[in-house]
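Q: Starting off with a structure, shown below.
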Amino acid sequence: MVATPSTSSQTKGVVRQVIGPVLDVEFPAGKLPKILNALRIEAKNPAGQEIALTAEVQQLLGDHRVRAVAMSGTDGLVRGMEAVDTGAPISVPVGEATLGRIFNVLGEPVDEQGPVKTKDTAPIHRAAPKLTDLETKPKVFETGIKVIDLLAPYRQGGKVGLFGGAGVGKTVLIQELINNIAKEHGGVSVFGGVGERTREGNDLYEEFKESGVINADDLTQSKVALCFGQMNEPPGARMRVGLSALTMAEHFRDVNKQDVLLFVDNIFRFVQAGSEVSALLGRMPSAVGYQPTLGTDVGELQERITSTLEGSITSIQAVYVPADDLTDPAPATTFAHLDATTVLARALAAKGIYPAVDPLDSTSTMLQPSVVGDEHYKTARAVQSTLQRYKELQDIIAILGLDELSEEDRLTVDRARKIEKFLSQPFFVAEIFTGMSGKYVKLEETIAGFNMILSGELDDLPEQAFYLVGNIDEVKAKAEKLKSEK
């Protein structure tokens with residue numbers, strides 16, 4: 001959806017050069033479009049092929065020419081075609097009508113569900129909120145997921161990096177967060193698929209429908225809007241689709257005054273697309289071939305994701321690390337903006353511990369006594385040190401067995417195993433697979449539960465009672481059930 005001003009204000013230019021996804025357009029003297037304006041080209045080429053594409057102005061070249069980047073394929077585009085300056089940046093639909101729908105970078109629905117029932121649109125380029133409008137007091141965003149809330153709590157209006165390979169539960173974790181923010185916080189979510197596989201986008205959409213996150217029968221009951229610019233799209237679309245998703249999220253925050261979750265999968269592809277566009281525009285590459293404007297590009301997106309006095313956008317961003325090199329400029333620049341990292345470990349998934357969040361590798365700037373309080377901080381650190389000691393003892397156990405450990409170490413191992421099991425939790429969105437009802441665990445219950453394990457109050461309960469339950473009351477009930485079954 002591109003801004004279409006009144007005919008009198010439209011300036012018409014002519015396409016003079018096409019180089020892949022980049023085109024040069026000549027305009028009348030004194031009537032050049034502004035940088036970031038959308039240009040619309042609708043024409044028939046000599047072969048009779050209908051051309052309809054939108055491009056975004058990136059450079060003013062001189063000689064009344066501008067250079068623009070196309071948001072869709074330029075196949076069939078020829079010199080001499082008319083390009084119209086829309087007089088405004090690309091705009092996308094916003095509001096409740098976007099929920100349950102799938103959009104492309106231009107805000108056009110691509111789910112074959114008909115037009116979007118809203119006239120409200122917003123430009124994808126805008127300034128970050130003013131400092132005076134920001135909520136500066138750090139506030140923990142409760143997710144209801146024990147391992148996250150205790151060991152790597154999210155900041156409301158913060159940015160979280162989600163790291164994990166294939167098949168360790170990223171999608172299910174994302175679905176559970178979307179479900180929990182809708183039920184417990186009355187918030188909505190926006191999912192931005194940036195440069196990932198089309199198949200994954202389709203699978204995600206089908207899984208959302210299956211788990212009830214998208215209500216196919218009544219879209220107004222859906223909890224998420226989706227915005228996709230997949231791997232096969234030109235770099236312009238992949239570079240801007242993150243902003244399209246962010247613009248939809250900003251409307252829910254600023255106009256509806258809601259708490260919003262924004263998912264970006266994958267933030268690395270956003271940087272990668274910017275690098276491609278930069279090269280096409282003829283800019284001199286910087287370190288490792290990235291664009292010289294890397295810091296600015298990432299900053300423009302990240303600084304708009306924040307908590308204001310009216311509402312918040314909490315962002316969870318999947319981060320692909322090229323060749324597992326954390327010093328690569330793309331992930332290194334992204335890390336500078338993150339408040340927390342959630343690392344999913346294959347070893348935990350292999351043990352059947354879900355969510356497979358690594359309790360020792362996941363971090364958060366919120367885990368400090370001045371923010372979460374002394375009790376939460378001490379409990380989290382005690383849990384981590386117990387798990388760390390268990391990790392150190394595993395080599396000895398593998399070689400000599402448990403019997404060779406000291407009494408104290410055996411107790412540590414016993415408690416660590418219970419902690420590891422208690423960090424697992426049944427999810428609402430996985431009910432159809434597990435047959436177990438999902439659990440949302442309040443932070444106070446989480447802290448109390450882990451304190452009881454650490455203090456030794458539950459040493460007599462079997463390890464299995466701690467697996468895939470919510471709070472400690474459920475552990476005790478499960479222990480009774482296991483006892484009666486023997």
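Positions of Cβ are set from backbone N, Cα and C atoms, glycine also.
Taken from Swiss-Prot, the feature ATP binding site covers GLY164, GLY165, ALA166, GLY167, VAL168, GLY169, LYS170, THR171, and the record attributes it to sequence analysis.
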Q: Cβ within 8 angstroms of the Cβ centroid of GLY164, GLY165, ALA166, GLY167, VAL168, GLY169, LYS170, THR171: which residues besides those meet this for the ATP site?
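A: In sequence order, the nearby non-listed residues are LEU344, ALA349, ALA356.
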Q: Can you give me the same-chain residues 6 or more apart in sequence from GLY165 (ATP binding site) with a CB-CB distance under 8 Å?
A: LEU344, ARG346
Q: Measuring CB to CB from GLY167 (ATP binding site), give everything in the same chain under 8 Å that is also at least six residues away in sequence.
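A: Result: ALA349.
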Q: Sequence gap of 6 or more, C-beta under 8 Å: which same-chain residues meet both conditions with respect to LYS170 (ATP binding site)?
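A: Sequence-distant Cβ neighbours: LEU162, GLY164, ALA318, LEU344.
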Q: Per DSSP, LYS170 (ATP binding site) is which: helix, strand or coil?
A: helix
Q: Tell me which of the binding-site residues ALA166, VAL168 sits in the most Cβ-dense spot, judged by other Cβ atoms within 10 Å.
A: VAL168
Q: Tally every other Cβ atom lying within 10 Å of the Cβ atom of GLY169 (ATP binding site).
A: 21
